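Encoded as C-alpha cells, the structure appears first; notes follow it.
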C-alpha cells in the first residue's frame, strides 16, 4: 500500500511461415508500466513512454523501424491512469477514462492478463478453468518452489481451442454451420499460450519479479500439417524498481469497461483493405466516387474495385444527412448510380439501410434498381433492433406491396434477417416473427395460395421453433382443414421445417416422421418429409423405423425414394455424417433387393460427392428426383450443392423446379370434350360404380425457387393466368402473334446502352484476441464488377407491317451492325494479421480474375436466299481476353503514415536455396556448423522435374520461378492466340497449397495480331445453304466473276467444284493408301505403338500370326489367368452368384455348341478341355458378331494376344475409312461455308467447307470437305459418315496433305454377343497428332482407378494396338453386359441395371430376325418411346395392366367390364370389354369416344364393326369428322382404332386379343381393369371406390357394369353380404358385413357357377341395429376380419316380370 512498482514491458507479435527465409511482418511495443495499490482491491496503472515499432521484410536483414507519430497517438491514451480491481491474483473490473479508445483499453488488458495468477498452496501441479483475455480456458499450472532462496517459478499453459465463453467474433459467417462434435484435428486454427512467472516472497508478501508469455496460433487454410502460417506473440514484464509516492488519482471520471475478457468494438469497422484516414466523410465520399467512375471509364477496373471497397468503408461511418447530400449530388449522373446503390447495400449500416427504405418509398428507384438492391441490402445489413424495425417497415411500404417481385424479396429477406439476429440472441422475441405469422393467418382466411406459400417460405428462412405451430396448420396430418389446400402448400410447409431443424432437431424429426408415415398424403409431400427427416441426422432407431415402414409401404414412389436416399447416405464419406451413414448402412439390410431394382420411372436420389480426409474438405452434389403418379418424368426436382470445410458445412446453392399439368401443353387444345355424349355417359356410369370419383382438376403450373447459402432469395409461380398477364403486358393481347410482332419491332429498334453491376461478393472475418491485446484477424473480402456496352443497329426489309404474320419472317432480309463489349472483373483480398483502424500488420493475399472481349461485326441475313454473311475486323492490337493473377505480401500500414505503407514480397531478391542445393552445399562443407538451415536438411532427395525447352526456370533444381507460353498462329486471319503462365512461390521449400499460394501467379490468354506480308482489311464468314451452295464456292474461287457460275449447266459446276476442292487429289491418294492398308495394319499390330504409347519408346515384341500366338499360349496354359482381376469388393460378383447366372454365365452357356464347320483353332482348343474355366469362358473373351454377317454358326472365342486374326468386319471397317465414292459426282452440295480474310492488295485467304448428303431407303450418307481457298495449299480436312441398312453407322475423319496425314475412323454396329443382341462401338486410328496422344495418355492414367471406383472388373491383356472397342449386350430387358477393350487393358462388367426396361422383343436373337427388316437404330428409338407409353393386353384369361402386372381372370359371360376409362375431369373415352357366351376365347369391345360408340365383335367367325349402332361396310379406313380425330383401319387379322387426341395411341382387336396403347400424357389419369398407369404395382387391384381388393377376381368383379336385367344380357349385380360363418369377438357374438359389394345374381335368378373371393368384413355386436338395408357401401368402416365367400359368375333365370 502506497508503493509504486516500476516494470519494463515489451510485447511482440510476428506473422510468418515456419520457413524463416521468407518475409515476415510484425509489431513491437515497448514501454514502462507503473502499478500502485490504492486500497485492498483497487490498483492504478499507468503506461509511460510507449514506443511502437514495425517490422516488414526478412529477418534479420530488415530490423524494426520506429513509428514515432503512431507512438505519439497511442501515448495520448495509454499515458492516462487506469484503475483495476486485483484480489488474490485475480483481475476484476477494469476502469478507463471516458474518451479512451477501446484499442488502448485492450492493450492495458494485455498487460493485466500477465497478472492473472491462481495459486493453490496445497498443490504444485493442477488444472482449472481460468479467466483471461481470450475467455475462460482450461489452464494447467506447474509450481517450482525454491524455499531456500524464497523464490518460486510458476508456469502455466492454456489450450486456446478448449475455452468457454471464448472471446471470438465472426462476421459474414451466419450461414456456415460449425460441427461441435467434430474432432480437434479438423480445426484449421489451433492455438496455445504459456506463461512463466518469477516470484520473490517473504513474510510481508510476494513480489512479481518478472513474467514472460508466449502465444502461438497455427493457421492452416487447407488443413495441411506442413502448410500452416504462424502468428507468435511474446510478452515480457520485468520489475525495474519501486518508488514511494503512489500514482496520483485520475482527474477525469473513469468508466467501467468490463472484465479482463477482450472487448470487440471499433476495430470491426476496418475492412481488410488499405487504411483510410477518415476526417471528412462527406468530402472523401465525393472524391472517391469521382475517382472510381473515372478509373472505370479509363478501363482501370482494378483501381475502380479498390475504390469501391473504400466507398463501402466510408459509407459505414457516414450519417444519413451525408448520404442524402451525396445522393442529391449524383442522382442524375447515370454512371454513378450503380456504384452508389451497390455500395449502400454492401455497407450494411443502419443509416444506409434507412436511406434505401426512404428512396424506395419516395419512388426514386426504378423497378429493376430496387430488385437488384433489395436482396443485397437484406443480405449485408447488420441485424439489430434498429435495422429490424426498418425491415418491418419495408413489409408495409405501399411501393413494395405494388410490385410482386419486390414483395417476395422483402418478405424472404426479412425472414433471413430474423434468422441471423436470433442466432446471436439468447431468446428470439416473438414480435419479430409476428409479421410473418400475420401474413400466414391473413392468407389462410382469404384462401390466397400465393401468400400462404410466401409466408411459409419466409418462416422457413427465419428458422425459429416458435413458428412450428403456424406451419402445422398447413399440413393435413396435423390439421384437417389443410386437406383442401393445394399440394404445393403442403410441400412448402414441410420445407419450412428444414432450418428449424437446426435449432430443434428432435421436434422436427418427430413431425416429419409422422408426415412420412401418413399414406393419405401425396407422394411428393412424403418424399420432401423424408429429405427433411434425414437433414435432422436421425439416430439408428429412427432410421430403422423408417426402413421397416418401407416393407409395407403401398407407394413404390415413396419407397424407392426413401431407399435410394438411405443407400447414398450409407455410402457417404463425410465425417459429419458418419453416424447417419452407419445407421443407414444397417437399416437398408432390412430391405430386400426389390427396391434396388426399380427403374427410373420411380423416384430416386442421385448424389456425386467427394471428400479429402487429408485436407478436411469436400462437397456433395445431390439431386432429388420426385416422380408423380400422373407423369412419366420427375414432377419435382431439387438439386443442391453443399460444401464441407474443416469442421463446418455450408449449403452453397439449391435450385428446385416443380411442374404439374404440363402435358396439356403438348396436346391439341380447345377440344369440347364436355359437350360430347361420352362425357355424359361416363358421368352416369360413375353413379353405378359405387364410390367412383373422377380425379380432381389439375391446373398447369410451373414453379421454381433458388436458395443461396441456405436462404431462399426468390421464387416464381407461373400458371396459365400469369402467362396471359405477361402477354397482355407485352402486347396488350393474350394471343401469341402480337407478342411475336412486338418482339420483332423491339429487335428492329436496336439496342444501345451501358450497364454496370458492381457488387461486394462477400465479407467474412474471424477475429480472436492475442495476449498483447491486439486482434488477430482472418479476413476475406471480395468485389465483382460486371459491365457491358452495346450498340446494335438492326434494319429489316421489308419492314414489319400492321398485318404482320410470323411466316413473313422467312421472306425478310436483316442487316445487323453490332458493337458489344462485355467485361467482368473479380477481386478477392485475404488477410491474416493485426487489423485495426490505427495500424495493420500481417500477410495480405490478392487474387483477381478479369475477362474482356469485344464483338464488333456486321451481319447480313437473307432468309429467302438462305444466306448468312458476317464481317468483322482483324486483330489490330494486343488484347488480354482473360487473366487470373494472385500475389501475397507481408504488409505494414499505420494511420499516421497512410501513403507510406511497407510491403514486402514473400521472397527475397536473391535465390532461395532449394532442397537439393542445400544438400549439395552441406556435403561440400559450404554450410557452417549451426547454420540456419542445416538441421532441416532431409536425407532423401525427391525426384526432380524434367524441364522442357519451352519452360523457363530461374532455379537450379526446384521450380521457384516458372514461365511458359503457348501460342497458336492463324496467319490467314492475321491473329495469334497465346496462353501465358508465370508462377513464383515457396513450394520449393514445402510442397503444400499454402506455400503455392504464398507467391505470385499469373495466367492469361492474349489475342494479338500477326504481322504478315499483306494487310488484312476484314474477316468474312459466309454460309450459303440450298441450291446456290455450289455456285457460291465457284464465285469465291473466281474472285467474284459472276458469269462463270450462273449460266453453266450442273455438269460444268460439278467439274469446277471438284477441281476447286481438290477432290481428285484426295481420292487418288486414298486409292494408294488403300492398297497399303494390310501392310500398315500388320506393322501396327506387331508393335505396341498405341494411342497412349510414346512412338519413340521400344516396342513390345508380340507374335505376328495367330498360330504363333496360339502355340505360345499353349505352352503357358495359365497365361490368361495369371494376372489378377481387380474387382469392386462391394458388388455381388461371385462366379456362381444368382446375379451372374442371368447374364455373364448364361451368355456363355452356348459357347462350345458351335457347328462342325467352325474352323477357329483357338476355339477348338478351349472347348476341348474339361475345366469349368474352359467350358464357361469369361465375358471378355467373347467376340462380337455383326448382324450383316451371313454365318450364324457358333460363337468365336477371341483369346489370341495378337490381333492379326481379325474378323472380316475389321477389314470392312478399315476399308470404310477410305471409301472412294464422292457424293459430289451425283449430288449438289447442300451447304457451303467460307471463312476468309480480305486483303487490301492481294487475293483473299482462308478456308472453305462444303457439305453433301445422300438419303436413300435404308442408307444415308454425309460428306464434308474443307480446304484452303487459295489454290497451292494441299492441306484439307475430309469427313465421311454413313448409315447402312439401319444396322451400321460408320464415319471417318481425315486431315492433312490431301487428307492423308492423320486418320480416325469410328463404327457403330449391331449384332450378337453370345446369344444376345448387342451393339458395338469401335474407334480406330492409324496416325494422330502428338497432342491427341498426350491427352489420351493422361486419360488412360485415370481409367483403371475410375473403373475400380465404378465397380468394373479389369484384365490386363494385349489387343489391337490402334483400336478401342466397346460392346454392350442386352442379356435381359433390364440388364446388359459391357466389355471395353483397349490396347493393353480390358474393362468389363455383367448384369448392369438399365434405367428403363428395353421391350422383350428386342431380346430375340438377331439371327432369328428377318434380315430385310429395318431394325436396331430406328427400332431402339421407337422401343424407348414405346416403353414410356402404357400397354394393356387382354388375351384369353390373361390380363396385363399398364403397369406390367399380369393376372388371370375369367370374365363372366355377357357382362361388360370397364377395361379402361379416362378418369380425369375431361372424361374423354371409355373402353369396355365382355366375353361372348358362345366361346371362352372370344371377346367383344365397346369404345365410347366423343359422340361415337364403336362396337367390335365376332359374328359367324368374322370381325364386325358398328359405329353408333350402324354396321360399317368393308371400305376401311374410317375417319371421323369431329374436332378430335379418330381413325379405324384394318391391321393383320383384326381392326385398329387410333385416337391420339383422346389419348388412345392405338387399340388393336382381332376377336381373341385386345391391346390398348395410351399416350404417355395419360399416365395416372386412367382407371379400370387395366389399372391406373401410375407405376404403383403394389396398389394395382384398386376398385372404383379406391378400396384395395384382396385378389384379382374381386378386382375384376368390381369393374362389372350392372345392367337392367330386362334390357341387358348381364344378370349379375354387386351387393353387400353378411358373413355366414359365426364370428365372436372376446366371447361376444357378432355379425359381420362385407365392406365392399360381392357379385350376386339379380333377383329372380339363381347361381349356376360361383368362384371364391376374399372379402374384408366389418363386425358389430349381434344386437346392433346395423343391417344390409339402406347400406350401399361400408368401405368407410373399419375392416375387422377377412373371409372367403362365394361370388356368382353365371346365373339361370326364370321368366322375369318385365314391364311391357
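In case you wondered, yes, glycine gets a Cβ from its N, Cα and C as well.
Over in TrEMBL, the protein carries these features:
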- 1-637: domain 'Vitellogenin' (DOMAIN)
- 137-163: disulfide bond (DISULFID)
- 179-182: disulfide bond (DISULFID)
- 914-925: compositional bias 'Polar residues' (COMPBIAS)
- 914-933: region 'Disordered' (REGION)
- 1090-1176: region 'Disordered' (REGION)
- 1101-1112: compositional bias 'Low complexity' (COMPBIAS)
- 1116-1128: compositional bias 'Basic and acidic residues' (COMPBIAS)
- 1135-1157: compositional bias 'Low complexity' (COMPBIAS)
- 1158-1169: compositional bias 'Basic and acidic residues' (COMPBIAS)
- 1202-1221: region 'Disordered' (REGION)
- 1430-1607: domain 'VWFD' (DOMAIN)
Neighbour tally for residue 137 (disulfide bond), based on other Cβ positions within 10 Å of its Cβ: 23
Other CB atoms within 10 A, centred on residue 163 (disulfide bond): 20
Distance from residue 179 (disulfide bond) back to residue 163 (disulfide bond), taken between C-alpha atoms, in Å: 16
Cα-to-Cα gap, residue 137 (disulfide bond) vs residue 179 (disulfide bond), nearest whole Å: 20
Rounded mean pLDDT for the residues that make up the domain 'Vitellogenin' (1-637): 89
Number of Cβ atoms other than its own within 10 Å, given for residue 179 (disulfide bond): 15
